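A short worksheet on the structure shown next.
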Ligand SMILES: C[S@@+](CC[C@H](N)C(=O)[O-])C[C@H]1O[C@@H](n2cnc3c(N)ncnc32)[C@H](O)[C@@H]1O
């Protein structure tokens, strides 16, 4: 583990965040000002809950964070968080969310497959998850809403970015300092503001 990764791991432990990934979202917010008080946020691939904790703080008591993962998310005991154990590939997810929560302000996806070690397989699955997040955003995000999606850079990356540009007017790519330098991950941040 590099010095860099130890630093954010230790910091997360000290500050009570469930994962070092929390700092990636904090750094994304610092740059793009994604969150406002009282918003409704959907957090896809939320386990163990580091991003959910950050979003919960940012939207405040009158906001809501809907944390979704196919894996178990241990209870966070936060009043403004709903936890759902669901697979985002399930075709009925948008309909379910729209019916229960209406349109939302921010869609986050830090989804990643369990790494198999076969790079092209892992990359393909990760791109499929990222595309799925955009599809869900098309279904449930308010017109002026924001999306933040993890994506692995590889052979399908350019096509994915082109697809995002067809859906959103403003598309940015950002690698937070807390993201390990050797990791292929980068975050796509988009909305429909000019
Ligand atoms: C890098 S972790 C997320 C870390 C989280 N953002 C945090 O801050 O604690 C990626 C997550 O994506 C989830 N995931 C992968 N495929 C999924 C799917 N099809 N549906 C829902 N969650 C999925 C995994 O179960 C895993 O928990």
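Using N, Cα and C of the backbone, Cβ positions are placed for all residues, glycine too.
Whatever TrEMBL says is automated annotation, not expert-curated.
Together with 49, 51, 69, 110, the S-adenosyl-L-methionine site in TrEMBL holds one more listed residue from 82, 87, 122, which is 87.
Under 6 Å, Cβ to nearest atom of ligand 1: this is the test, and of the recorded positions 49, 110, 150 it is passed by 49, 110. Local packing around the Cβ, expressed as the count of other Cβ atoms within 10 angstroms, is greatest for 51 among the binding-site residues 51, 87, 110. Mean pLDDT of the predicted structure over the domain 'Ribosomal RNA methyltransferase FtsJ' (17-193): 97. Secondary structure from DSSP puts residue 110 (S-adenosyl-L-methionine binding site) in coil. Comparing residue 150 (active site, proton acceptor) with residue 51 (S-adenosyl-L-methionine binding site), their Cα atoms are 12 Å apart once rounded.
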